[in-house]
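Read through the structure below, which is laid out as structure tokens, and then see the notes.
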Amino acid sequence: MMNMKPTESYEQLDNSALEQVVGGKYYGNGVHCTKSGCSVNWGEAFSAGVHRLANGGNGFW
């Protein structure tokens, strides 16, 4: 967290600028997909799986 910029240095986007942002989709379980493919954050995916097992198959997201 030490390398984060202070909040004053971020620029807030209005709706028209936000419509121009191109990004991927995050599925809430460690999986991220873009046009070029998907990637997995295995630590987050493992935690999501453990949470699902612990609460009877219901996701925590």
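Heads up, the Cβ atoms here are built off N, Cα and C, so glycines get one too.
What Swiss-Prot records for this protein:
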type: DISULFID; residues: Cys33-Cys38; note: disulfide bond
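Non-local contacts of Cys38 (disulfide bond) by the CB criterion (under 8 A, 6+ apart in sequence, same chain) comprise Val31, His32. Proximity of Cys33 (disulfide bond) to non-local residues of its own chain (separation of 6 or more, Cβ distance below 8 Å) is seen for Gly24, Lys25, Tyr27, Ser39, given in sequence order.
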